[in-house]
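Written out below as structure tokens is the structure these notes cover.
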Amino acid sequence: MNNILDRLNASQREAVLYNSGPLLIMAGAGSGKTRVVTYKIAYLIENGFASENEILAITFTNKAAKEMKDRVASFLNKDVSPMWIGTFHSIALRLLRRHANLVGYTNSFTIYDRDNQITLIKDILKELELDPKTYVPSYFIALISNLKMRNMDADEYESISDSYRKKTDAEVYRRYQKKMLEYDAMDFDDMIVNCVRLLEENEDVRQIYQERFKYVFVDEYQDTNFMQYKMAKLFSDLYKNICVVGDADQSIYGWRGADIRNILNFEKDYKNVKTILLEQNYRSTKNILKAANKVIKNNDERKEKNLWTDNQDGDDVYCYITQSNVEESYFVAQKIKELLDEGYKESDFAILYRTNAQSRSFEDMFLKFGIKYNIVGGVKFYDRKEIKDILAYFKFLDNTNDFISLKRIINTPKRGIGDKSIESITGDMISKNISLYDALSISTNKKIKEFFEVIESIKKLKDNVTLSELYDLVLDRTDYLNALERENTVEARTRIENLDEFRNLLLDYEDNYDNITLKDFLGEISLLTDLDKTEDKGGDAVTMITMHSAKGLEYNIVFIVGMEDGLFPSERAIEEGSLEEERRLCYVALTRAMKKLFLSLAKERRVYGQSIISKPSRFIDEAEDAIKVVSYRSDKFDERPILENASLNKSIYKERGFDKTVSRFKSYVGTDSAPSDKKDIKAGDKIKHKAFGEGMVVSVNGKNLTISFPNKGIKILNIDFAPIKRID
């Protein structure tokens, strides 16, 4: 064990050796907290402070629990599988399997997953004669979970409800809990709530486990909610030997119930607390940590600490200003190609973004550059349910014999059309020898007739509207968007964001293609998605990941994209005054980088179908001189990070092989280069765009034209594809 202690720095060693009373280990990013916790558990066992069965360690993920167990077993060279190391839910389940009879259940109770919960909610809505389109099941699941983690039952919620809707919500909650008890079932939140109830209401049981667990550990304490806080406190209240490990600066899950006050108030909740700061970072360069420290110091709700490292200074941290989100993705792809040529592997890179919807432009660009990538904690853009749904509508409108697409959309959103109804359509096709669409048109099923009328109304217009207008028609007349809005959940809002990004994609096609048809668009998309399917799924690929999902991970080279106010920090955070959590998220993102860190923003970005001029993220200014701002188009670095000084007029596109990359659009449009009437377009020329009207060319950069349209603002268009002509 002494050899193990020799591997620790002074603060880590102090944390391992302290064993008499409450201990708060405030562990900065990359400071080796997992090593400290596992060494500490092994030290307690090896030196006789506690046996394996007298230690309780609670984590947030099964992966973390397994890693902790494996490391302790390795240190002690013995089997520790019976140890109480697990997630909050697994520890609660272990207790309830022994004592659930004391809280009104049998010890063999059933665990309900999300699908079971939705089925139960639907049954309750039917009982109450409530329309599931208005009273969406997923809304109730989120509401009930939130209330349970705040330790609020239906009666208490009803007592503070000031509207008919909230009182109705309370009744659904009341019936839900009543039926769960009748069915001898618990959901995941029930397991935590009932574990707390068990310990609070049964002194004998509480005494058994409090006497048993001489030492209690809680990992990622900043992520605990109120009921998890109570659970940990109940286990440790006898000996008070509770060790919590976490970092207030990495508390980023407030939106799902985590309460940063649990870690900030730990020294008030327990007497004689020992607090140890782990500030030495083993992951990142000095320059990366400098940027992270400068940003996070702007938060008030934190415990003061300052990360430092013995690692090298490393490269400067730069934020690149690009003209548009398309150019931003081009910059990232080009930079990755450049670094790959220097010997890095694709698995060295990670792209971090605030929302999943941002991945689309990077996915498209990586496919064109031949860069392998994996989406972590999410689904590739064209594989997302809502995108597949809308594409299926488009495909069926283009080809009314497409039975596969019809099966996907006929009951999406829910219309009460089941498999038997669909079988009746195929039966009519066979018996009457008619087409699929004709079979739909003659159906006597009321729901199918209503569906056909919706499709027919859109189909009549599809050849006379643009792609984005067709999209609007589909979402409006099928009630698809309204169905998502009625759900009112985080998941539904994410789907709406992805749909907005899909509309932006359609607008990009309209800007850059002359008279693009629905069939042309579907052909191009099918080529993109087919290439996506053939890519190598192995480990050597660029990681694309949200900032939230990246917590706890590290990469040699990190790109943080979309550094714009309204995107990061998010518009909602700005409006609701929750900037501190967004700033903590920025800190988490910055500290994922080990060797190189790049940030980027777009001056202009499509948001909800509109091109807007973006304002640089306030976090860039907060980093002061730790982040140097440079225009992607400028041939000079601006050493002072004042965004207004970054020139955006001079071209510095370096032909690193991108000019040799043939756009896959060209073969589809059927042109290899700009027509002769476009070739000589220069800055100052007046042009006419089919959709945007007359405008003036501001600058020419290779094949990209920056054009100012009086009524549409600044647009960046590709000369080969844009439907423009020069006018006198």
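Positions of Cβ are set from backbone N, Cα and C atoms, glycine also.
Residues or ranges marked as domain 'UvrD-like helicase ATP-binding' by TrEMBL: 6-285. The predicted model assigns the domain 'UvrD-like helicase ATP-binding' (6-285) a mean pLDDT of 92.
The Cβ neighbour count for Gly28 (ATP binding site), using a 10 Å radius and every protein chain shown, is 26. Taken residue by residue with DSSP, Gly28 (ATP binding site) is part of neither helix nor strand, so it is coil. The feature ATP binding site is assigned by TrEMBL to Ala27, Gly28, Ala29, Gly30, Ser31, Gly32, Lys33, Thr34.
Per TrEMBL, the feature domain 'UvrD-like helicase C-terminal' maps to 286-552.
Annotation: Ala27 carries the greatest number of neighbouring Cβ atoms among the binding-site residues Ala27, Ala29 [cut-off 10 Å, Cβ to Cβ].
Highlighted in sequence order, Asp247, Leu278, Asn281, Tyr282 have their Cβ within 8 Å of the centre of the Cβ atoms of Ala27, Gly28, Ala29, Gly30, Ser31, Gly32, Lys33, Thr34, the residues recorded for ATP, and are not part of that set. In this structure, the binding-site residues Ser31, Thr34 were compared by how many other Cβ atoms lie within 10 Å of their Cβ, and the smallest count belongs to Thr34. Listed in sequence order, the residues of the same chain lying 6 or more apart from Gly32 (ATP binding site) and placing their CB within less than 8 Å of its CB are Gln12, Leu278, Gln280, Tyr282. Around Lys33 (ATP binding site), taking its Cβ as the centre, 21 other Cβ atoms fall within 10 Å, counting all chains.
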